[in-house]
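Sharing a structure with you now.
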Amino acid sequence: MTTVYMLFLVSAVVSILLYCAPKAAVKVGFGLSAISCFYAMCHFVANMGVSDSFALMDGFLYSPKFALNPLGNFFSFVVVFIGFASSVYGMSYAEEYIKKANVGVFACLFNTFILSMLLVISADNVFCFVVLWELMTLVSSFLIIVNDGKNTLKAVMVYLGIAQIGAFCITCGLLITAYYAGSFEFSAFMGVKMPFGASAAVFVLFLVGFGSKAGMWPFHVWLPQAHPAAPSNVSALMSGVMIKVALFTLVKFTLYLPLSTYFGLTILALGAASSLFGVLYALCQHDFKALLAYHSVENIGIILLGLGTGIYGVAAGNLTLAAVGFLAGCYHVVNHAIFKGLLFLCAGSVIHATHTQNMDILGGLAKKMPWTSLGMFIGIMGIAALPPVNGFVSEWFTYQGMLQGAMGEGTLVRYAFTLGVVALALTGVLVGMHLKLYAVIFAGTPRDQKIWENAKESPIGMVLGMIILMIGCVGFGLGANYIVDYIMQAVNSIAISDYKASLGAINVTSPMGSMISTPLIALVLCATMILPFIILAVMKANRDKPRETDPWACGFKYSSRMQMTGGPFTGDLRKIMQWLFRADKKVVTRNYFDAVEYHNHPKDIWWGMFYEPVIKWCVKFADKLGIVQSGYTNVYTLYILLYLCVILAVSYFLV
């Protein structure tokens, strides 16, 4: 366990030492990261069912403690698996940043980011956890800045603002729990006794704190701003694993509390809202990285549906339902990490070749970028939950858990789970419309001939990074019956406060295995695809060589501008759901003879309704508070002294 962490620390130090040799920093920094991630993958798979712990600087005045149980091993595996693919990808991808930024610092931050996520998962006391949580936030914000784009600073400020609100809520929740537990060690939190009001307040604080980092609705607004601004391999890590670390901690700390069934139903409701709003906003995006960011909101909602089912099952004493729910949530954690990581790496490949994120000016890239095209196609199959790719399996388990919950006792419970099933079904229908992501970018004819002529497949390192995740998408789909056994090792170790035990040997693999066989589904699909060709051969259809010609354009000369862009794919739906969007419309007319340009960019209504007014108020308040900024050092020293006096007085009267 300590060896894994030391490898990433050494990789970060070596990377920063090579800051004066940029080409070496890219190869060595990201190469060491890939080696460290591969070693860590092997370690966590081999020790999936094992618990481990250690103390840093044992014997000193303060000795931070770290511990991993099987659930922590599972989430750590997800981190290093996506980290491995992103590191291999970065060995070629980061070369384009040599002239933009110090790539030695980039590689150092990249290794530190992976290390910080692993340490957050294993941290075993309040102070250590809060420090590492803030380190993870700070390092990820620095990685966003590496890109140094037009909107990068705004994206970082929004991200840090929401992250700090979340960190405040998390700290308050942990301190309240520590007060009732009588210790700052997480091991003492198990079975903590507190009144229902205090438990509910702590749950809300955890939900806001960890939910804001996870991108849960309505705290999702930072994702579509941060991901388009960040380097693509960083986006793969942030969307693929960082937001999952937040979900791990949400489950971990919620299960320490005296549970109520309302906790599970609340998570279920927020999951349904996140999945629906996420997919609806994704439909209207023209920037394909923003589209993928909104899809992260949607998939976080699907994961919350599973985790909410699990927490409800624990609170209701139905441990089989709890196991199915946690299995669904954990399986979708790894599945989303894989296909979303793949899609962000493919998006980076497209940007590397075309230097644009606007899908509406692309087209026909499949011929120029076959590997990227294949990766995008497999990733979209995963995100659309089409068998035999991995997304189908975890969504199937989610359906199973919620359908089982819908047969529970109580009208509210039945309605809640039924609405969850409906929300997931609607999400599945709508997400199918995102085939536009592939169709607009890779199919058809080039919309911009210059971009198409200059486009070419990415370097070998980037292609290898995508291939690793392509294999993961297919493998975690076809090998579901074997992978479930590993995930159940993690699920069965989940500690439950009310029972002062774990889920134990709850076995859902056998009944689930009888309900679903992804290899059989793959064979059926392959047979279905071959069937039309068999019919053609039997009926001896016309075997003349097909003629290739331009599409018919009603008598006019065909132009690539006549192709559908991303907008018409969802135009009618946008009209129906226009109350959800705040359209930014602009009409440009230069003179009588030039064509009129019309721009319509839908914006997130929650940003305009809630966040902008709060930001404006904070700016005004900060301006008023600026009067205390005298510019004199002695005055600032006086402020510090007064603050310490207040803290000492409060501590004296409280203790």
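The backbone N, Cα and C atoms fix where each Cβ goes, glycine too.
Heads up, here are the entries from TrEMBL:
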- 28-46: transmembrane segment (TRANSMEM)
- 101-121: transmembrane segment (TRANSMEM)
- 123-407: domain 'NADH:quinone oxidoreductase/Mrp antiporter transmembrane' (DOMAIN)
- 127-146: transmembrane segment (TRANSMEM)
- 158-180: transmembrane segment (TRANSMEM)
- 200-223: transmembrane segment (TRANSMEM)
- 235-256: transmembrane segment (TRANSMEM)
- 262-283: transmembrane segment (TRANSMEM)
- 303-327: transmembrane segment (TRANSMEM)
- 333-353: transmembrane segment (TRANSMEM)
- 374-393: transmembrane segment (TRANSMEM)
- 413-439: transmembrane segment (TRANSMEM)
- 520-539: transmembrane segment (TRANSMEM)
Apart from its near flanks, which chain residues at least 6 from the ends of the transmembrane segment (262-283) lie with a Cβ under 8 angstroms of it?
200, 203, 207, 211, 215-218, 220, 224, 254, 291-292, 294-316, 412-413, 416-417, 419-420, 423-424, 426-427, 430-431, 433-434, 569-570, 573-574, 577, 580-581, 602, 604
Let me check one thing: do the transmembrane segment (413-439) and the transmembrane segment (333-353) come into contact, meaning three or more Cβ pairs under 8 Å with sequence separation of at least 6?
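Answer no: the transmembrane segment (413-439) and the transmembrane segment (333-353) share fewer than 3 Cβ pairs below 8 Å.
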Relative to the transmembrane segment (235-256), which of 127-146, 158-180, 200-223, 303-327, 374-393 accounts for the most Cβ pairs at distances under 8 Å?
200-223
Short question: most Cβ pairs under 8 Å with the transmembrane segment (158-180), which of 101-121, 127-146, 200-223, 303-327?
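So the stretch in question is 200-223.
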Same-chain Cβ contacts of the transmembrane segment (200-223) under 8 Å, 6 or more residues past its ends?
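Apart from its flanks, the transmembrane segment (200-223) reaches 137, 155, 158-159, 162-163, 165-170, 172-173, 176-177, 194, 239, 242-247, 249-250, 253-254, 257, 260, 262-263, 266-267, 270-271, 273-274, 277-278, 293-294, 296-297, 300-301, 304, 604, 606-607, 610-611.
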Residues sitting near the transmembrane segment (303-327): Cβ under 8 Å, six or more positions beyond its termini, same chain?
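Here the qualifying positions are 216, 244, 247, 250-251, 254-255, 259-261, 263-272, 274-275, 333, 336, 394, 397-398, 400-402, 404-405, 408, 413, 417, 420, 423-424, 484, 487-488, 491-492, 494, 496, 498, 503-504, 506, 508, 512.
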